[in-house]
Amino acid sequence: MAPAPSKQELPAWGLALAGSAGALVANSVVYPLDLVKTRLQTQVKRNAKDTYVDEEGHVHYDGTMHAIRHIVEEEGVSGLFNGLAGNLIGVVSTNFAYFYWYSLVREMYHARVDSKGTSTAVELSLGAVAGALAQLFTIPIAVVTTRQQTQRKGERKTILATAKEVIDQDGLAGLWRGIKASMVLVVNPSITYGAYERLRTLMFPGKSNLAPHEAFLLGALSKMLATIATQPLIIAKVGLQSKPPPQRMGKPFKSFQEVMRFTVERDGILGLWKGVAPQLIKGFLVQGILMMTKERVELLFVLLFRAVRKMRQEQLEKLAKIAAEKVEQGKAVAAGAVMQGQAVAGGSTEKAKAVAAETAEKAKAVATEAAEKAKSAVKS
């Protein structure tokens, strides 16, 4: 009976591909919630005497459902998917980078420090390192996507046009706006995947492969915990990466602390958790679908790797068989050389035998070496 497929058979890039595939599926499904969440997080609280329209003519949203209804009425259903292309590029690249670095640093830790297991603190630390490395390479895509999500009807621009706008306003460094907040926010995926691994050992001990509903449940619960803990930092990052609100008179925020101060002054302390409802719903669905898809894709990759390895082994065994046949042919040639030497040399039989024997040994050595190489290749 074949052993159960295990993700330990996959290289780092295989795990990274599985993670990015899960992210692609999950974020495609719930993207409208991500857009609504961003718009809720970037709007300033409306005072009782204010109208529902701000200085730029944008309607103030009262909540998730109000935002969805108004976007559909004013921009059509397509308005809920504004910036989708940039978002998917961002989540795929971010998740590929994260899972790639996470699997590498985890493997290095087990190989050099502790091969038995990892504590919760170690899981969080490994996740933070992987998250920081991923953010360095992918934050420009997040900046452009956030800008696109806050563009209303009539303001929409392509990914390249939005990137050019950012560079024109803030220089090339503008594409890395919010890098400090993003680096602090690496604790979010760190908490998420750290909690996932911990909950997995607690809820499903000893189970190497999870059922789809089990992976969904673990992913959703772990993401909810991380979101509640880091929502104020998410607000700060979105504020840094989006266009400044009208009250700022076009002046961009300089730091995530400045965004948080502005938010508390205008919206109160609870303003640091504005947009948390769609954020939680989005996180619940995205992480659940992501981990469920990731687990399935990992198993498919493992089975594919096994099939490729089996085909390669069969080919190498054929090569080994051919090499063995060459050995036998070499022996036959050597024996023929002995016979010919005896016939030609007549009285010099002993000399002919020696020459033929030497030739036979050389032929045997060459053939044996070829066979050994083929066998070692099969074993590897």
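Just so you know, glycine gets a Cβ as well, placed from its N, Cα and C.
Here TrEMBL flags 12-33 (among others) as transmembrane segment. Below 8 angstroms of C-beta separation, residues 64, 68, 80-81, 84, 87-88, 91-100, 102-104, 107, 278, 281-282, 285-294, 297-298, 301, 305 of the same chain, each at least six residues beyond the ends of the transmembrane segment (12-33), sit close to that stretch.
Applying DSSP to the repeat 'Solcar' (13-108) sorts its residues as follows: 72 helix, 2 strand, 22 coil. Among the features that TrEMBL reports, repeat 'Solcar' is placed at 13-108 (among others).
What TrEMBL records for 79-101 (among others) is transmembrane segment. Under 8 Å from some Cβ of the transmembrane segment (79-101) lie the Cβ atoms of residues 12-13, 15-20, 22-24, 27-28, 31-32, 34-36, 68, 71-72, 129-131, 133-135, 137-138, 141-142, 144-145, 148-149, 151, 153, 156, 159, 162, 189, 290, all in the same chain and six or more residues away from its ends.
Annotation source TrEMBL lists repeat 'Solcar' at 118-202 (among others).
Per TrEMBL, the feature transmembrane segment maps to 121-144 (among others). Counting same-chain residues at least six beyond the ends of the transmembrane segment (121-144), those with a Cβ under 8 angstroms from any Cβ of the stretch are 86, 89-90, 93-94, 97-99, 101-102, 104-106, 109, 114, 159, 162-163, 166, 174-179, 182-183, 185-194, 197-198, 241.
Feature annotation from TrEMBL assigns repeat 'Solcar' to 214-300 (among others).
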Average model confidence [pLDDT] within the repeat 'Solcar' (214-300): 82
Residues in the repeat 'Solcar' (214-300) grouped by DSSP into helix, strand and remaining coil: 73 helix, 0 strand, 14 coil
